[in-house]
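Going by TrEMBL, these are the annotated features:
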- C80, C85, C121, C125: [2Fe-2S] cluster binding site (BINDING)
Amino acid sequence: MISEEAKQRIRDIAARYPAPRSALLPALHIVQAEESYVTAEGIRTVAELLNLTPADVESVSTFYTMYYQQPHGEKVIKVCNSISCYLRGCDSLIGHLEQRLGVKRGETTPDGKYTLMTAECLASCSTAPVLQVNDEFVENVSLEKADALIDELDRELSNTPTTARSEVRR
């Protein structure tokens, strides 16, 4: 359920623009922050607040990959699969992560910790292969580095302190 506070934030943002439609992307961010993904209720709420049709809102939310259409893990791992990353081994990296996490790309682990996805380009071609964990980039990812990263994330998710973070995520 979208809170009244979130609705008011959307109204406040919409008031800054001459056309309420201009507030659509920030409004979707607010819904996703509140619900963890863009829900059907969120689409209806945004449409109502911005005087749009639900179809207008849904078409934008499904066009951009930054908006999730279903629940996802606490850590979303996006592996770049552009040509630079492909030439430097992203396919084996994706396969390795699928095996390590026990899910295929586009799936979430049963415990809700991880979602594994691919991204068309993460704009870090000179440091390929690259992946993103939520909003943080990890570059020059070898299979060993991927394993160390998953170990670190497991510790982080279980609230166990780690000192390896700066080394793994370089």
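Cβ atoms here come from the backbone N, Cα and C positions, even for glycine.
Where the annotation comes from TrEMBL, it is an automatic prediction and has not been curated.
Reduced to three states, the DSSP call for C121 ([2Fe-2S] cluster binding site) is coil.
Taking Cβ-Cβ distances under 8 Å and a sequence gap of 6 or more within the same chain, the neighbours of C80 ([2Fe-2S] cluster binding site) are C90, T118, A119, E120, C121, L122, S124, A128, P129, V130, L131, Q132. With respect to Cβ neighbours within 10 Å, the binding-site residues C85, C121 differ, and C121 shows the lowest count. Contacts of C125 ([2Fe-2S] cluster binding site) defined by a Cβ separation under 8 A and a same-chain sequence distance of 6+ are given as S82, S84, C85, in order along the sequence. Neighbouring residues of the recorded [2Fe-2S] cluster site, listed in sequence order and excluding C80, C85, C121, C125, comprise N81, S82, I83, S84, C90, A119, E120, L122, A123, S124, A128, P129, V130 (Cβ within 8 Å of the Cβ centroid).
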